[in-house]
Amino acid sequence: MSKPVKAAVFGTGSWGTAFGTVLADAGCEVTLWGRRAALADAVNSTRTNPDYLPGVELPENLRATTDAAEAARDADFTVLAVPSQTLRAGLADWTPLLAPGTVLVSLMKGVELGSAMRMSEVIGDVAKVGAERIAVVTGPNLAREIAARMPAAAVVACPDETVAQRLQAACHTPYFRPYTNTDVVGCELGGAVKNVIGLAVGIADGMGLGDNAKGSLITRGLAETTRLGVALGADPLTFSGLAGLGDLVATCSSPLSRNHTFGTNLGKGMTLEETNAVTKQTAEGVKSCESVLDLARRHGVDMPITETVVAIVHEGKSPVVAVKELMSRSAKPERR
């Protein structure tokens with residue numbers, strides 16, 4: 001009888017806990033790592049994560065610890081589920097503890113500020129491992145629905161198809177259906193940019209601009225995501241799949257989406273400070289909109305919706321003025 005797959009999940013937020021639950025339900029032995037002893041104790045004693053997934057029962061083969069070395073020991077997969085802008089510092093601490101040969105799995109959907117690196121690039125840069133040992137999980141995966149064992153599909157991406165298949169097997173359950181892909185660039189960009197477009201759609205919803213505006217933003221948002229991806233060498237077909245359109249639709253249409261909710265509050269007239277105060281978890285698009293725009297400018301890619309989000313979120317531009325400016329841009333063919 002083969003030994004069970006071991007997985008370490010660094011991050012006890014909603015998505016880290018939800019994906020840890022998927023891995024455990026698929027038969028893995030899962031250890032969650034988090035900084036707060038009280039939360040780790042609650043996971044182990046009550047079988048719930050009261051801070052991020054209250055009311056969701058966690059599997060018996062999932063446990064939590066504050067000891068990073070204990071979590072990382074002998075892990076076949078080391079899953080990274082922390083805010084994207086904190087990854088570099090955290091991984092620098094964890095790298096000496098990693099099990100030999102472990103596959104590093106990114107759940108994060110962002111682009112690093114300053115370097116404009118995708119998360120897999122940050123992982124490779126810090127941990128000094130090859131791309132064949134770095135995988136990405138992405139798609140329309142709202143954490144609370146996954147944790148409630150509601151049906152969902154996802155993409156597991158790695159340049160090495162065999163590694164992608166191993167991860168696929170490790171997280172395949174009756175309610176979670178993963179597909180493999182070798183286009184890591186496209187899969188990561190789809191996840192990072194959809195957070196920005198989710199903010200834009202949320203702002204439009206908060207302003208009461210209607211469903212035509214929402215449909216237009218989603219579609220043109222997908223177009224600028226694809227332009228950026230192609231400029232970076234991604235397969236354009238990736239953006240019509242789960243990592244692109246699938247994730248974008250879920251983020252832009254669900255009240256469970258942090259980015260959509262954040263944008264809605266801004267569109268209703270709340271300040272950035274007020275919106276931050278009522279948001280308990282990270283809305284990745286708030287910081288990633290700047291790094292996505294930086295990445296686009298480095299490659300000469302026009303991303304007007306992303307530019308508009310940056311202007312509203314970080315430059316204090318009125319949403320009303322920003323929408324007027326976006327709508328008054330020079331006319332052009334759709335396929336450009």
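Glycine too: its Cβ is placed from the backbone N, Cα and C atoms.
The Cβ neighbour count for K194 (active site, proton acceptor), using a 10 Å radius and every protein chain shown, is 33. DSSP assigns K194 (active site, proton acceptor) to a helix in the three-state reduction. Per Swiss-Prot, the feature active site, proton acceptor maps to K194; the stated evidence is sequence analysis.
Summarising the annotation, Swiss-Prot assigns NADPH binding site to S14, W15, R35, R36, K109, A143, R258, E284. On its own chain, R36 (NADPH binding site) has T12, T66 as residues at least 6 apart in sequence with a Cβ closer than 8 Å to its own Cβ.
If you take the C-beta of K109 (NADPH binding site) and look for same-chain residues 6 or more apart in sequence within under 8 angstroms, you find S84, M119, T138, E188, G191, A192, K194, N195, D247, E284, S288. The annotation sn-glycerol 3-phosphate binding site is assigned in Swiss-Prot to K109, G139, K194, D247, S257, R258, N259 on the grounds of sequence analysis.
When Cβ atoms from all protein chains are considered, those within 10 Å of D247 (sn-glycerol 3-phosphate binding site) total 30, not counting its own.
Among the binding-site residues listed (S14, W15, R35), W15 has its Cα nearest to the Cα of G139 (sn-glycerol 3-phosphate binding site). Looking only at the binding-site residues R35, R258, the densest Cβ neighbourhood within 10 Å occurs at R258.
Taking the Cβ of S14 (NADPH binding site) as centre and 10 Å as the limit, one finds 23 other Cβ atoms among all the protein chains shown. S257 (sn-glycerol 3-phosphate binding site) is surrounded by 23 other CB atoms, counting those within 10 A of its CB over all protein chains shown.
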